[in-house]
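Taking it in order: structure first as structure tokens, then the write-up.
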């Protein structure tokens, strides 16, 4: 029957998921304005579903998921057994009540989670769009849009599906979109329709359009599209440049029309989202194993008791047959033993803790209500979008982070520059440096009425140079105002809004605007600039666009006087090679400036120009036209033509741009590193940008032993580089700054255990092409071994799929808990692959948030999510589990011992109502309060001592060893609770001389002692007391006495004489002094060994949390008055948990502060203050050593090892104390 139910549930679950299954497409054919033709292919509708259930499937699907838990299936089986009268000695409600309660609570929690998914889906599906139907525009909900429909989009509207752009209101049928929902980038991108469809600009002409598109099937590649448009007997190639993807927002474009190619789940946005996965924590997986062990232990106990029953019935019970015959159908002692086995399986069922699977769902509210994770700028609070992964937050070892929009704000600003050998941008005077004051920003409004009021710059020397008419400064900003692809929108006079493809370009054009060279507008052939108040229109002759190979862009313009000039900006390494030889001295000076800027983590570009004669331009223009018309190798021909003209240029200078980090990123990364969490950055940006950000956020530092660069383009070169760097790491040669020259084939790589013993700090940088080879099956092990030696890993130019593969690789080889954090649709696959997914909410879109388990608006909140909420959740869950196993074994094993004294008759020790209420009422609320509110140290200390996080990574607080300790303690308690009352009461008498040795007195005494002992035990286990804890712990004891007295009252017995058999037992038992003496003695015998063990452990081998609590007490007793100074350090002047500022600082361009960051100081531990030397020694001796020993032991037993750092414990493993 049980198996039939499960099969029925499974079939219904599969039915729901298989309804929409169709054969995979090989190609897609879409005919415009022909729904009947397109419906033949059964393309998906535009309705999206991210929820797991609906009204019909919720009950069967949810029950099927819940019965995957071993305990739930086991209790269903027990319920069936209890319906057999010959077996069950307990009423059916003792099992069905807790089972239904557990299933109901879990179902309500799952339904609540899914309700919010439905709400989000409905909000999106009910958006309105305008569809061309029979020559007119009609409003349709997004869910009703079909493949082949033509949709009209207006400015600032979301794109409803993946569209082929047909026409636009902009010149040349251009269209500007923002792709924040897809890749987290807020900069604008350009799309263009085919010229043959550009004239289809009204509904009537579009209604007659009958073109057919043949293209690739649905896929998740955001940057690729391949297809053909067949129309009027001609075929036109289509590319990603002609597509508008769902999730984009139309910007700076009045209207456009598009043909729906992919809809709903077939869109690239949804293809990257993947299916909602059911995530299970490592504790959940361990629990299933432990429950099987417990089940096996229970079967062994049942077998022992059944054998005892057989022996007893044969040797003793047979003597009673004449007046106490066996009940039918029992006819021999073997069959009696068989039935006895199943009876004991039912009685001992409470040893399997079903209620453990009900997690404290309220824990997610603690995250949602945390005001310290609320961002007032975004008006966004942290949100826990799941209720099942909280304890996993306390076990994270690897964090995989996107860069743009996650670590950075993706906001660029002009910081410094070098013009003709003069450096500008260091606006900090010596007085300001010494006083730690920031100078006021320059006021540009009086000099330039068109200046951007939000632009900040501090060096007055550059403004003076422009005002004094310095020609080099003028030419520098003229280049910035002309050499770009920015679009300008001027709604009214003087209010300019720039839309740039790259935020770098936007920052440079804005800088030129403020210094008097204001880009106003452009046409396909002209660029209009206001130069120091004078409007000037340049003829745009050519744009030599940027790409990843050229790493530069140029424009050729003719000024009103007729002079032709090429302006170029790009990477200094490439641009310096193309300068005229007369620039050598200036190149040396500018290189020094660029090195200084790069050291500050700024993004740099070099600027140059070249004058062209009319003959040179005409000759080059003709060659350019020929290359542009070439049908073969067009890109290579154009690159050669560009290379020819970009020679013999004159250097103007260089720019340095700040890529503003989010607030607190360096500090967060430094503290997470101290917690032994490895951070990998997976970004689609180029290597130079990613490395710059790595230095800015202190992932990469100048004092690292080595930064490994993997840039091979073939399998062999990547393997050779990996092995070469492994040898470098083994040698630890700090003097080696470059890889050794290629030699003979590298030997086999060293073992993972050897790599783990490496001392030193390393970092790894690898690009997407090399990563593709490194992820191959025969090389992934070497890549993981090398990467996990490094403290930081940066993967550049990676695709969304590669991000997910890297996460999966670490999950596979390291068996570590992973967390992925991102903000765009290109991060969704990574977020769903990791054990825990975190979405950054805010201006970058919501796709990552919708796919995430947790969301907030700033990367810095990750520190609090893991070190405070995660660590507390793990601690609470571990204590919750340990106590639950303890109390259930203490409760259940009494039945086992009683079996030897009741003829193995499956008689229960307790009243059946006590058995029912024990886990539901008497012991549930105290452990629930502990699971919600308990904490070993305050939140400030959790952040001060990142090493407190390591026990969760090593599974120290709940593992198989801790499990056996808990059940051993529970068995010991059961022995005391049974044999102490048995020994005392068997010879005890009442005050009247009547004996106390009766079954009901023994049952009441044992039950009372049990409730008191487990209540005292949880009081000892609770580390943080609140009024709720007190109420639940002592209230549960009070409720036990109240309910027991009511159950044993004459009133209930008179109403239900067949149900309440213990009438008057409690009243007569609890008035006996000997009973209370027995209860007190049993309690003392159970609790005193626990207290003695804990005191010895605290004295001989304290944990780091014990040290921190001791520190807390010392700090409270020796706290200095506020403002008092000791040793030059001001105590009490800095709030708890905050870092003081350095007296002197150097201006850094990044957003976290206009000063040097604290990441390096935190990493070194130099700015952490000890309360006393003795305390430091105590902490070092008793805190870090045991963790490091266990970590080494764990490495030796795991291949590859779980700790990927491969480093010896550094000095920061010693706890630091900030006073």
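Including glycine, each Cβ sits where the backbone N, Cα and C put it.
Remember, TrEMBL labels are computer predictions, not curated facts.
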| Of the residue ranges 785-808, 809-832, 833-856, 1073-1096, the one that TrEMBL records as transmembrane segment | 1073-1096
| TrEMBL lists transmembrane segment for one of the ranges 290-312, 359-381, 382-404; which is that range? | 290-312
| query | TrEMBL tags one of 731-753, 754-776, 869-891 as region 'Disordered' - which one? | reply | 731-753
| request: Out of 691-712, 999-1020, 1109-1130, let me know the one TrEMBL marks transmembrane segment. | output: 999-1020
| Among ranges 52-70, 71-89, 90-108, 109-127, whichever one TrEMBL labels transmembrane segment | 90-108
| said: Among the residue ranges 1032-1053, 1142-1163, 1164-1185, 1186-1207, I'd like the one that TrEMBL describes as transmembrane segment. | reply: 1032-1053
| query | If one measures from the C-alpha of residue 797 (ATP binding site) to the C-alpha of residue 823 (Mg(2+) binding site), what distance in angstrom results, rounded to a whole number? | reply | 17
| Inter-residue Cα distance where the pair is residue 827 (Mg(2+) binding site) and residue 404 (ATP binding site), in Å | 11
| Within 10 Å of the Cβ of residue 404 (ATP binding site), how many other Cβ atoms can be counted across all chains shown? | 26
| remark: One finds that other Cβ atoms within 10 Å of the Cβ of residue 827 (Mg(2+) binding site) number exactly 33
| query | Which one of these binding-site residues has the most other Cβ atoms within 10 Å of its own Cβ: 546, 684, 823? | reply | 823
| Most distant Cα pair in Å, residues 402, 403, 404, 505, 546, 569, 603, 683, 684, 685, 797, 803, 826, 827 binding ATP | 32
| query | Quick one, of the recorded positions 402, 603, 797, 826, which Cβ has the fewest other Cβ within 10 Å? | reply | 797
| task | Looking only at C-alpha atoms, tell me how far residue 823 (Mg(2+) binding site) is from residue 402 (active site, 4-aspartylphosphate intermediate), rounded to the nearest Å. | result | 8
| Candidate recorded positions 402, 546, 603, 684, pick with smallest Cα gap to residue 827 (Mg(2+) binding site) | 402
